[in-house]
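TrEMBL has this to say about the protein:
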- 116-138: transmembrane segment (TRANSMEM)
- 187-205: transmembrane segment (TRANSMEM)
- 281-302: transmembrane segment (TRANSMEM)
- 322-345: transmembrane segment (TRANSMEM)
- 357-380: transmembrane segment (TRANSMEM)
- 390-496: domain 'TMC' (DOMAIN)
- 400-416: transmembrane segment (TRANSMEM)
- 452-477: transmembrane segment (TRANSMEM)
- 498-523: transmembrane segment (TRANSMEM)
- 572-589: transmembrane segment (TRANSMEM)
Amino acid sequence: FYFLHGFYTEEDLIGSLACMSTKERIKAIQKMPKTMRKKREIRNKVLTEISKKSRQRGAQPSCYTQCLLGVAVSFRRFGNTLSEYFQLLRVWHKTLKIIGAEFGTSVLSYFVFLKWLLNFNIFSFLINFSFITIPQFLAAEPNNLSFTGLELFTGAGYFQQTVLYYGFYTNATISKIENGPSYNMQLAYIFTVGIYFVICFLILLSSMAKFFSRNFVNPQAISVNASKLLCTWDFNITNEKAVKLKQKNLHTQIKEDLTEVNKEVVNFSVMERVLRIAIHLVAWVASLGIAVAACTGVYFLSINNLELFMKGHRNDLESQTAMLVLPVIVSLLNTMIPFFFSWLGHLEKFQTPGQHIYVTIIRNTILKMSIAGILCYYWLNIVATSESQCWETLVGQDIYRLVLVDFIFCLLGSFFGEFLRRIIGTTVLVSLGLPEFDIGRNVLDLIYAQTLTWIGILFSPLLPGIQMIAFFIIFFVKKVSLMSNCQPPRKVWRTAHMMTSFILLLFCPSFLGVLSVIGVTVWRLKPSEECGPFRGLPSMFAAVAEWIQTLESYTASKWVVWIYHNVIKSELFFFILSTIVLIVTYIYWEIIQGRKTMTKLLHKQITN
């Protein structure tokens with residue numbers, strides 16, 4: 001404060017900083033309203049001043065102390081350098097700011113959700129690669145199949161004998177040193193997948209709670225106040241481009257807040273209401289009918305596809321290439337039908353863009369989750385009971401093809417749905433204008449892709465790595481397509497609850513549905529006799545039961561056996577746990593309702 005107002009010279013400032021402790025000095029420099037370059041200069045001068053003072057005192061430190069001080073300073077500088085480089089590596093940070101400034105929070109919410117899923121898949125890949133794939137490399141046998149390049153699309157051929165699929169993993173206990181530590185692949189496989197889903201469950205719950213608290217409970221998130229206009233500007237910004245970007249961002253936020261305040265309620269006549277209800281009913285009947293027809297077609301196509309594969313040469317690459325028909329048809333349905341749903345939404349003429357987006361999301365959710373449910377039924381009830389030597393690898397190949405083809409169609413959707421639409425709207429039918437970014441369709445594409453990844457983790461442990469690369473490419477393709485082909489939403493609106501809705505849809509029905517599929521696979525289905533880590537067992541979970549039986553003979557492991565019998569296998573425990581969760585949820589919901597009521601009363605008092 002004194003330095004800013006001329007009461008302190010720079011020498012006085014450096015002297016006062018040199019007298020502080022290390023933590024206080026770092027905090028003081030961080031809080032200075034100066035550029036990073038100036039802060040670094042001040043920090044270096046302070047360090048020089050400290051070294052001068054130590055020499056002036058005549059206290060010559062020992063060689064050991066000098067080495068420690070040198071190492072500490074080197075580590076601090078190395079940490080500062082690393083943090084600066086990590087800031088540069090966050091390639092999407094500036095992109096998100098630009099998108100929020102140009103297109104508002106509604107479009108920004110899609111890219112924030114995509115970035116969240118990308119980080120999620122990086123975490124998934126690291127877990128599976130560390131605890132499942134790396135140990136398998138130690139016991140892997142050489143792959144005798146030749147690589148032709150077609151495997152990149154079919155997932156078959158050469159990839160069948162790699163760590164990409166369940167069937168390649170051994171059921172032996174891996175040990176490279178005699179009488180040394182061993183690694184039980186059966187337990188590693190099932191515990192890694194199980195603990196991973198528990199962590200996913202907790203991450204999704206905490207994310208929902210965080211966004212819910214931020215957007216529903218926090219009164220500042222649902223109210224417009226003068227602080228956004230008077231106290232938001234960051235005076236540290238000196239770069240001209242950053243200033244303009246900040247101005248655009250503030251301009252868009254204020255427009256969105258004003259739209260919330262000036263929201264008008266349109267009163268319709270009785271005939272207009274009846275007509276609108278009739279249009280909505282017809283649109284819902286049409287959307288549900290199309291979803292049922294699509295699911296029926298996928299079911300019969302999948303059965304015929306399996307019969308075609310079983311009649312041909314099972315390991316023949318050409319016969320497996322014919323199985324690309326199923327993922328292509330499924331991806332075609334998932335790409336084309338949402339365009340029809342968006343067109344239905346425009347016919348219904350909703351009062352707000354939010355209503356249009358949420359209805360489109362619900363219809364797309366019904367379509368995509370129904371198709372995913374039909375595919376899961378086909379895998380668990382038809383493929384698992386077929387005569388295939390390794391049905392788990394067959395399911396993994398199906399999911400690999402679905403993920404790959406869905407990614408290709410997602411890129412094609414950006415080309416045909418946005419690029420060609422821009423060409424038509426600017427040259428052929430000028431009245432159409434530039435297209436708007438379809439948030440509902442694009443969000444459901446991400447949720448569907450993540451659902452496939454979760455289902456496929458048990459059958460293809462490295463699938464999160466493939467999805468990680470796909471999401472990274474999609475992020476920048478969508479960003480370029482948005483900037484080049486789309487216009488900002490015609491009706492500016494505020495989307496405080498949108499990210500919460502995306503995480504909720506990802507949790508239910510996507511994640512909970514995947515848990516049921518994984519549960520049936522692990523507890524009910526018999527693994528293949530000739531492949532995979534669970535070969536020869538009546539079920540995958542039988543590996544845990546056998547391990548518990550061996551632990552019963554060890555006194556030190558009695559607590560693990562007790563947890564298994566009284567917690568994991570106890571229906572009463574899960575009933576009590578579910579009851580507690582429901583009670584806590586109800587109490588929390590009542591607290592939220594009370595806070596909302598109090599917020600409304602306070603707003604009325606402020607108005608009065």
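Glycine residues also receive a Cβ, built from the backbone N, Cα and C atoms like all the rest.
No curator has checked TrEMBL annotations; they are predicted automatically.
Not measured: the values here are computed from a predicted model.
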* Taking the transmembrane segment (116-138) as the first stretch and the transmembrane segment (572-589) as the second, find out whether 3 or more Cβ pairs fall under 8 Å, excluding pairs closer than 6 in sequence. => no
* Listed stretch, out of 281-302, 357-380, 498-523, 572-589, that has the most CB pairs under 8 angstroms to the transmembrane segment (187-205) -> 498-523
* To do: Sort out the residues at least 6 away from either end of the transmembrane segment (357-380), same chain, that have Cβ-Cβ distances under 8 Å to it, and list them.
  => 106, 287-288, 290-292, 294-295, 298-299, 302-303, 306, 330, 333-334, 337-338, 341-342, 344-345, 348, 350, 395, 398, 402, 438-441, 443-444, 447-448, 451-452, 455, 498, 501, 505, 509-510, 513, 517, 520-521, 525
